[in-house]
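A.B. asks: Per TrEMBL, the features are:
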type	residues	note
TRANSMEM	64-83	transmembrane segment
TRANSMEM	103-127	transmembrane segment
TRANSMEM	139-159	transmembrane segment
TRANSMEM	199-217	transmembrane segment
TRANSMEM	258-281	transmembrane segment
DOMAIN	299-435	domain 'RCK N-terminal'
DOMAIN	718-858	domain 'RCK N-terminal'
REGION	997-1054	region 'Disordered'
COMPBIAS	1027-1047	compositional bias 'Basic residues'
REGION	1130-1152	region 'Disordered'
Amino acid sequence: MVDLESEVPPLPPRYRFRDLLLGDQGWQNDDRVQVEFYMNENTFKERLKLFFIKNQRSSLRIRLFNFSLKLLSCLLYIIRVLLENPSQGNEWSHIFWVNRSLPLWGLQVSVALISLFETILLGYLSYKGNIWEQILRIPFILEIINAVPFIISIFWPSLRNLFVPVFLNCWLAKHALENMINDLHRAIQRTQSAMFNQVLILISTLLCLIFTCICGIQHLERIGKKLNLFDSLYFCIVTFSTVGFGDVTPETWSSKLFVVAMICVALVVLPIQFEQLAYLWMERQKSGGNYSRHRAQTEKHVVLCVSSLKIDLLMDFLNEFYAHPRLQDYYVVILCPTEMDVQVRRVLQIPMWSQRVIYLQGSALKDQDLLRAKMDDAEACFILSSRCEVDRTSSDHQTILRAWAVKDFAPNCPLYVQILKPENKFHIKFADHVVCEEEFKYAMLALNCICPATSTLITLLVHTSRGQEGQQSPEQWQKIYGRCSGNEVYHIVLEESTFFAEYEGKSFTYASFHAHKKFGVCLIGVRREDNKNILLNPGPRYIMNATDICFYINITKEENSAFKNQDQQKKSNVPRSFYHGPSRLPVHSIIASMGTVAIDLQDTSCRSTSGPTLSLPTEGSKEIRRPSIAPVLEVADTSSIQTCDLLSDQSEDETTADEETSSNLEYAKGYPPYSPYIGSSPTFCHLLHEKVPFCCLRLDKSCQHNYYEDAKAYGFKNKLIIVAAETAGNGLYNFIVPLRAYYRPKKELNPIVLLLDNPPDMHFLDAICWFPMVYYMVGSIDNLDDLLRCGVTFAANMVVVDKESTMSAEEDYMADAKTIVNVQTLFRLFSSLSIITELTHPANMRFMQFRAKDCYSLALSKLEKKEREKGSNLAFMFRLPFAAGRVFSISMLDTLLYQSFVKDYMISITRLLLGLDTTPGSGFLCSMKITEDDLWIRTYARLYQKLCSSTGDVPIGIYRTESQKLTTSEDWTSSLVSRKYSVNHLKSQISISVEEWEDTKDSKDQSHHRSNHRNSTSSDQSDHPLLRRKSMQWARRLSRKGPKHSGKTAEKITQQRLNLYRRSERQELAELVKNRMKHLGLSTVGYDEMNDHQSTLSYILINPSPDTRLELNDVVYLIRPDPLAYLPNSEPSRKNSICNAMGQDSREETQL
């Protein structure tokens, strides 16, 4: 065994116990030197400098003592003047000699000694090598003049009564006051405004001038009028105010010369002081000054932080923020680093805003500016990004730094942050509310493709409106569309609610249906008291509790509503119908007045839900099909909920074996394995079993796996969805996910083609290669060949995203110019194509599908101007492209962030509706189309009952499309000018003759050319000039035959002539497209050039009246329950059950 102790080395000498007791002798022999640093600070001069100059608090005390000493010397001078008896005579000796008592002389000598010693000491401590710089300073010279004669009189007693101009110490007191204020600011670590310092200097200068003049005149007039101090003060005030009464005037030449000198000094010094004061005042007006601490503690205010403030952003914020009654007493403090814009300055001068809005020029990264805005006392801080910058990532970085700075300065202040890029969102997770622009933008664009006008639906829900828009319009669709736009989302606790209190212990669908039937409100979601997650339509198995928070859609919140029973209604003769429509249902009257709504209640007695009001039609009903509507159960019956229908696609089961083989739809369901950015919400989607090679994602390039080079060669069963974007940003991922969500039937999945200006990076391709039928193509929307290759001729939707490179323009509203022109070109080339566009500025929506001479568009423009003059926040809502969901502006979602201050649940509900977040048990937004087989339901209330009783769906609105005839705009215009039957009858005759001629001409052309394509024209381009020439000849001939006395007739003929010319132009464009397709080797079979959407208009009815009649082709917005909520398995086994059921889809179609 080895001896372990022998292997341990001995301790060094200094660690031995003997050395610890006796001391380490070797340590004393070390050649080490102890060094003390900053020895110069231990010298006597440095210690004095530290006390008198460097130390802020001691320096402040020294300057305060010096200021008091100077004031004391001036006070002793006044006492000497008052105690002195005026001597007789006009001898000059009275100027140089005065009567000074011995005690007064002693006090003045003591003050002089202390002052001189302090001045010499400070001069020595601040000496930097130039002695003359210290001696020739004006304060030092004045100190010598006022102190040295008193010191000399100690050694020469005969000079004790020598006159000394001690009143000049007032200027030394002014100098000490300025230094004292500076030291005071340094001591309390607070930077006071320069305006305060400048005002203090100006006031002290005026006082010193007046005091010097008073004392000088009084002393020089000792040999004249013998003026006292009060007479001298009176003379100085009258003289400096330029009044000059002349009752008191100087007599001696010396006093007159002194007055002239003082006036000259005043003319030089005072203008300089006033100029600096005016400059600082102008600068303060630009910077905005401060928000006082007293106001911050007694008033409520919010802070708006922006990098640049535009008039549109400001007005959107103010209109939406102050739309809520409880925010009327709040103040808005704007913190912006740039100077106030001219338009913003003009708006903030309006009395309505000048008393509420305070503009501060400053940066959120400076604690001084945050202190000026009193951020620590603010109720909330809104931080908005600048979306008009070319580098949006840089704009996000600035927003992140502002959020960090505010959180560091005021950790308890609620933060409302707007971010542009989704990959930057995780940096501001600490914020209370975050809106990511690209997430919402692409999600709305995606849902627009499967649920039409989702963007318009969300925009109307997040805007504050009373539903008064369009009520003066003669068109019925504008009245009902404007009235329904006033619906918003509100919340209330169930046990405190009149709407929902009686449904405690009932199922959610039962409460939703009966609340809508009785009150006209639409219950869309709930939240448990002990849970933060909101559940949209949790389904019929959800039982309502008394403490649940209910979220509902209504024209106003319940607290602003008054209720009347039917008996009271009959007695008061209140009109029963607010929505005029034939129905046997009880009518719900909603009277909106001054923010209060009166709702007529129905009879609350118990009766069958399948009573006579929902009875089946007896006439015209089919014998084979006996449709019926089951009652909505109070508590869900397990047998009535078919989980197989919710987790499988029956339409897929009905397909034959050949169709299944040809379709080859072998998809899995699961979470995407790769996310392009941090912070994306996991969504259960349709996925491929194996990811697609990157080469196969390129649509227009063949590879070793496939030989297709255009969209037509793939042979897709469903129409394409094309997205035209500049770059493949991470936001595009949020466009794909809602279209591949697990609840979408896989047989209805549309192929997605990304038309990108720049090639995508590998990270983006890694994210999309797991999704089925997703392709990309490098090309531009400006190039017709690229559009044809990507399959625009048989696309269901064309989504055009505003390009980031064009967002920054010299003129703000020109940022959308390129996008608007490109979309207009697409609209002219492919008139049947559904184009969905995103713009930067909402005002530019009027240029979408622009027709310069269309009377109906001009009438809508006038209506928009009238609504804007009335102060509407949704003046643009009647534009046909916006009402139809063809265009939207992401800036309209800024109101979502503003509303979150009052409704903190709005962002969560919007994200659930758009599919950005998926909460277990929460439903999703989808749609269904009303067909001829569904018209037996007749009314919206019966449809509500049918959906709630069968599938548990909750309808929230209708997307309606109506035909728009050519005479509609003319009739509407004629109604405004009171032109009645005669003009309209003449127009109808002319339009009939024109249509008959066009039909004859079309039949001749079709029989001559024998085309196989629908609505096709001749491919011979030489026929077009002939057709145009004949059309113009016929139009001229028709105009000569018409009555010359009718101006409307001539206008109508001109309109028809333009229609013929336009038709020929469309034919030319069709020939251009067909020739390019033939040149590229593409088939022209799918091109439909004459199908134009100009003859229809579409609009949204949010939460319409229960007695609203259903029409053919109505699209109903539904919130469908989560299919996974009905699985019998527990939550931990959910993933396993889904993985075992790969290939099964959720049922999308609602069988009525």
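Each Cβ is built from the backbone N, Cα and C atoms, and glycine gets one as well.
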A.B. asks: I need to check the long-range neighbours of the transmembrane segment (103-127): which residues 6 or more away from its ends have a CB within less than 8 Å of a CB in the stretch?
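C.D. replies: Counting only partners 6 or more residues beyond its ends, the transmembrane segment (103-127) has Cβ contacts under 8 Å with 45, 48-49, 52-53, 62, 66, 69-70, 72-73, 76, 79-80, 83, 134, 139-140, 143-144, 146-148, 150-151, 153-154, 160, 164, 166.
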A.B. asks: The transmembrane segment (199-217): which same-chain residues, six or more beyond its ends, come within Cβ distance under 8 Å?
C.D. replies: 74, 77, 81, 165, 167-168, 170-171, 173-174, 177-178, 181, 227, 229, 232-233, 235-237, 240, 250, 255, 258-259, 262, 265-266, 269-270, 273-274, 277
A.B. asks: Using DSSP, what is the helix/strand/coil residue split across the domain 'RCK N-terminal' (718-858)?
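C.D. replies: For the domain 'RCK N-terminal' (718-858), the helix, strand and coil counts are 60 helix, 28 strand, 53 coil.
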A.B. asks: If you average pLDDT over the domain 'RCK N-terminal' (299-435), what do you get?
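C.D. replies: It averages 89.
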A.B. asks: DSSP on the domain 'RCK N-terminal' (299-435): how many residues come out helix, how many strand, how many coil?
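C.D. replies: Counts, helix then strand then coil: 59 helix, 28 strand, 50 coil.
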